[in-house]
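Per TrEMBL, these features apply:
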COMPBIAS  588-601  compositional bias 'Basic and acidic residues'
REGION    578-626  region 'Disordered'
TRANSMEM  6-27  transmembrane segment
TRANSMEM  47-66  transmembrane segment
TRANSMEM  78-101  transmembrane segment
TRANSMEM  151-171  transmembrane segment
TRANSMEM  183-201  transmembrane segment
TRANSMEM  229-248  transmembrane segment
TRANSMEM  269-292  transmembrane segment
TRANSMEM  329-352  transmembrane segment
TRANSMEM  373-392  transmembrane segment
TRANSMEM  398-423  transmembrane segment
TRANSMEM  430-451  transmembrane segment
TRANSMEM  504-525  transmembrane segment
Amino acid sequence: MHFSTPDYVIFALLLVASTCIGLFYALSGGRQRTTQEFLLADRSMSCLPVSLSLLATFQSAVAILGAPSEIYTYGTQYWFLGVSYFLGLLIPAHVFIPVFYRLRLTSAYEYLELRFNKTVRIMGTVTFIFQMTINDWCGVNVVYVVTGFDLWGAVLAMGLVCTLYTTLGGLKAVIWTDVFQTIVMFAGQLAVIIVGAHQAGGMGEVWRKAINGSRIASLDLNPDPTERHTFWTLGVGGVFLMLALYGVNQAQVQRYLSSRTEREAVMSCYVVFPCQQVVLCLGCLMGLVMFARYGEDSPLDKGYVKTNDQMVLYFVMDVFRDLPGLPGLFVACLFSGALSTISSAFNSLATVTMEDLIKPYCPAMTEAKATRLSKGLAFAYGLVCLAMAYAASHMGSVLQAALSIFGMVGGPLLGLFCLGMFFPWANSTGAIVGLVAGLVMAFWIGIGHFVSRMTVPTTLPPIINGTAMPLPGNMTTAVMTTLIASITAKPKPTGVQALYNLSYLWYSAHNSTTVVIVGLIVSLLTGPMKEKDLIPGTVYPVLGNLLFFLPECYREILCCVTPLPHKPKAIDTQPYQMAQKESNGVSHPKEEEKTEETEREKDEDEETATPQPSCRLAHTLQETAL
């Protein structure tokens with residue numbers, strides 16, 4: 001890939017602008033002097049920047065490259081993933097966000113200690129750290145492999161810029177840089193589509209060629225879970241992927257908790273929904289424009305590129321050949337996707353390490369020292385990412401296995417939170433055994449799939465595979481570039497082989513269900529959780545709401561072994577204090593903090609007095625848990 005001077009200028013402006021945003025928030029406002037400001041943006045963010053930040057984390061470099069390549073190669077069947085966005089955001093908005101927000105958490109894994117015990121919290125935290133470290137590891141390398149930039153140039157450019165503005169500006173800088181990078185991503189994709197469609201003869205000609213080339217897919221209702229992409233795998237299996245990403249992932253939960261009010265957090269989910277649909281459509285359109293330009297004569301088949309990843313960038317450089325500056329804009333678009341994902345990982349890793357692994361064991365730590373340590377953790381994770389990214393470039397196929405690991409961890413974590421939030425009788429022993437069982441199942445299927453692929457004869461040419469492993473950064477588009485199978489018809493797999501051939505979109509559903517089932521069985525065998533042991537506000541009575549039409553006695557039997565009593569007391573005082581004291585391991589005696597808490601309680605009272613999307617949940621929680 002060859003850049004002109006205007007391309008380098010545009011690319012440099014992206015990095016400089018991101019750094020300046022971090023410096024601005026480091027030197028303004030409270031100057032990031034408290035952990036509340038550094039880790040949660042002082043709980044002062046409005047709906048729009050939070051929603052765009054959620055979108056930027058979702059729209060990674062892998063998504064920008066993977067979706068067009070998927071559409072070019074296999075058609076528009078992937079577009080039906082947009083069906084899963086509805087429930088994938090509606091459930092977090094009205095179930096997960098109200099529970100997390102009203103408990104006044106900083107880390108999502110504080111909830112696990114409130115609901116179960118400290119052991120479950122630490123296990124969840126360590127699992128998340130492992131997951132996000134793999135994400136950081138791969139984010140830089142995806143861009144490096146595709147762009148062909150000198151390795152240390154790519155690593156240092158992204159790693160140092162991310163580390164700098166995350167360490168200096170905290171979550172507020174991360175969110176506002178995400179907003180800026182989202183605009184850059186949209187601009188880069190739109191430029192490619194507009195110029196490419198114009199050169200192809202217009203969108204009408206693009207659509208005609210796509211139809212003639214059988215790239216416009218119809219609705220596939222095949223219920224076979226081993227089929228890679230059908231309506232059911234995309235529309236139903238994709239819901240669990242969305243829940244793992246937008247429901248319980250610390251990087252997203254932290255953005256919800258940074259909102260000024262619960263209403264703002266809920267609205268951010270509603271705002272990001274149409275934005276996601278636009279992003280998905282842009283990816284599909286770019287893939288169709290690619291097909292209109294090259295048809296069946298793929299640059300990969302001609303040897304111009306080595307992987308499907310590089311096809312999109314080759315197409316961009318081909319389209320923008322005589323337009324200096326636009327190639328730099330698209331590469332800036334790629335780097336924006338990577339920067340938003342990696343900076344979110346740095347900040348969330350620093351948060352969970354500080355709140356879940358350090359604060360509970362250092363109750364006497366001062367606020368100033370805790371803030372300095374949080375900044376040091378963000379900086380340290382940045383350096384670790386730099387080292388791991390460089391090492392990954394020399395590991396060959398080991399990196400491929402690491403990419404697959406990332407997609408297998410989200411499902412068990414989703415199952416762990418669902419076990420605690422929806423099933424009052426689940427105990428800590430069931431949670432621990434369930435999480436271990438879910439992780440074992442995930443790695444068993446993943447490693448089994450990887451080994452079975454290694455045994456496929458190499459003489460067979462590659463075509464569509466129904467069970468390719470997912471790449472990191474974006475769970476929903478991660479599988480685009482690792483698709484291998486046989487051109488000859490194979491007998492339908494049975495037994496364990498059928499499990500190994502399970503579509504990647506069912507991984508989260510399968511693994512989270514394993515955690516819930518095993519956790520419930522173990523909880524019933526070891527003694528279900530008692531009513532007096534449950535902390536108010538940690539259980540959402542979803543089964544009771546779904547089965548509202550049944551008599552009270554049957555609902556009690558089906559919903560929980562020891563049903564929660566009706567406690568219509570205020571939900572904004574004692575639960576918050578209890579949650580902060582037990583989860584953080586320290587009390588808050590300062591008058592300033594007490595005043596701040598009192599103001600927040602007044603805000604919550606005003607919210608519950610006015611109609612909003614979560615008012616029904618507030619009423620339900622008052623009656624059943626809080």
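The backbone N, Cα and C atoms fix where each Cβ goes, glycine too.
Predicted, not measured: the structure shown is a model, and the values here were computed from it.
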Task: Top Cβ-contact partner of the transmembrane segment (269-292) among 6-27, 78-101, 430-451, 504-525 (pairs under 8 Å) - done: 78-101
Task: Contact check, the transmembrane segment (329-352) vs the transmembrane segment (6-27), 3+ Cβ pairs under 8 Å, seq sep 6+ - done: yes
TODO: Can you tell me which of 78-101, 183-201, 229-248 gets the most C-beta pairs within less than 8 Å of the transmembrane segment (504-525)?
DONE: 229-248
TODO: State the residues, same chain only, that lie 6 or more residues beyond the ends of the transmembrane segment (229-248) and have a CB under 8 A from a CB inside it; answer 'none' if no residue qualifies.
DONE: 54, 58, 74, 77-78, 80-81, 83-85, 87-89, 91-92, 95-96, 108, 219-223, 269, 410-411, 413-414, 417, 466, 475-476, 503, 505-506, 508-509, 512
Task: Sequence-remote partners of the transmembrane segment (6-27) [C-beta within less than 8 Å, at least six residues beyond its ends] - done: 157, 161, 164-170, 172-173, 176-177, 180-181, 184, 324-325, 327-329, 331-332, 335-336, 339
